[in-house]
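K.L.:
What follows is a single structure, and I will ask about it in a moment.
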């Protein structure tokens with residue numbers, strides 16, 4: 001018990017059942033969900049459209065960042081009614097009218113308009129269902145005796161001598177600096193389909209992108225880098241405009257790796273294209289398991305010609321065994337940095353409590369890239385913990401796709417309104433803190449690490465073995481260092497040949513088997 005984190009001892013002393021803590025979970029009832037689905041499929045009775053509901057539908061990004069006050073539950077008109085009203089207006093716009101028979105007589109125009117508005121309504125529905133905008137500010141839940149452990153860093157949440165919560169503020173800055181890659185709408189169509197959004201099915205791809213983006217950011221800027229949104233006028237006044245531009249350009253170059261367009265080496269178009277080699281058109285709209293998403297990302301990294309990814313290799317283990325020989329091959333004898341992903345199952349139907357201290361230990365490691373997993377059909381990127389709750393970044397928020405231009409003086413203009421669009425940078429950083437109970441986590445997940453050298457890898461694996469968290473196989477000469485409840489095994493020796501149970505079958509045994517109708521295996 002000496003190796004079990006103090007945080008877990010506090011959890012183990014409590015006998016209460018796990019509760020739901022997911023701060024980005026929707027408050028929709030089942031009836032509300034059915035009503036929305038009915039609106040999506042059949043439309044709703046035409047009603048008056050208020051200014052607030054029109055703003056909610058057309059400005060999809062505003063729904064996420066700053067919902068109108070009139071949409072908050074408890075107003076004069078329920079937000080569900082406004083959703084129906086918005087749906088009625090949008091669906092009504094694609095129905096034939098007596099004043100525009102000449103327009104709707106063209107079937108292709110009607111079909112195109114219907115697809116366009118239905119896709120936008122689906123995006124709005126996903127925003128409502130998954131956005132944490134409807135939840136209250138939970139920053140006051142991070143107070144007391146527990147520390148926040150976040151991707152190898154520990155932050156105190158208590159008030160310091162000056163009366164400030166500087167530790168918690170530093171955690172918020174660190175959390176906000178991580179790249180938050182979410183659903184996108186209105187990007188170029190995927191493959192040869194009309195699909196221009198990944199809402200409802202691309203969450204595991206987005207989760208994997210966030211994990212890899214973290215590795216690239218650490219390689220480029222270091223773990224202590226923090227995102228800043230200083231204005232150019234402020235930067236120019238302090239004389240460091242050139243340095244600011246250089247850093248911003250490098251940051252945007254990393255974002256462009258994951259941009260939602262066909263030419264992005266790690267974007268969703270590239271990943272879906274790789275998946276289509278095996279799935280065909282089912283690659284669009286299909287859910288992906290953690291191992292599938294990582295396998296696709298590994299191939300995308302291998303095919304990437306970007307200098308930002310040239311020194312990075314990825315190794316995926318799906319059987320819970322990491323072979324040092326495989327690592328040496330992938331990294332060319334450690335000439336490249338390693339992203340190591342180990343797919344595990346830490347329980348049958350739910351997370352086994354014995355693995356909670358194991359996960360806590362992982363989040364405290366400098367080499368930790370988090371965990372890709374989530375709840376059933378709801379992928380998330382787990383990045384730390386606070387007490388008995390696991391902290392994560394949720395991709396289930398839809399943002400409008402805006403092209404990324406590394407020229408800081410360039411504005412993107414909307415083709416319809418001819419107005420300049422907002423800088424997309426803000427949508428890649430999340431201010432809303434999301435967390436859930438450890439036991440709400442799906443036991444099927446992928447443990448992610450990044451190692452710069454063989455020395456760092458050996459040291460971390462040795463510490464995990466001494467903490468009774470993993471097995472180490474040192475080869476046939478030196479034997480195994482086993483633990484009671486390992487998450488995975490590291491094999492340093494040559495690949496062991498599985499035991500062979502084959503032997504020659506005698507004529508008598510074969511005759512007996514034939515007589516009784518058995519097959520000799």
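Numbering starts at 1 and runs along the chain as it is shown here.
Every residue, even glycine, has its Cβ placed from backbone N, Cα and C.
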K.L.:
Under Swiss-Prot, the annotation region 'Disordered' belongs to which of these stretches: 50-69, 70-89, 90-109?
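P.N.:
From Swiss-Prot, the annotated region 'Disordered' range turns out to be 90-109.
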K.L.:
Examine the ranges 476-498, 499-521 and name the one recorded by Swiss-Prot as region 'Disordered'.
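P.N.:
Checked against Swiss-Prot: region 'Disordered' maps to 499-521.
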K.L.:
What number of additional C-beta atoms lies within 10 angstroms of the C-beta atom of residue 396 (active site)?
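P.N.:
Within a 10 Å radius of the Cβ of residue 396 (active site) lie 25 other Cβ atoms.
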K.L.:
Using Cα coordinates, what distance in whole Å links residue 203 (active site, nucleophile) and residue 396 (active site)?
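P.N.:
Their Cα atoms are separated by 7 Å.
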K.L.:
Work out the three-state DSSP category of residue 396 (active site).
P.N.:
coil
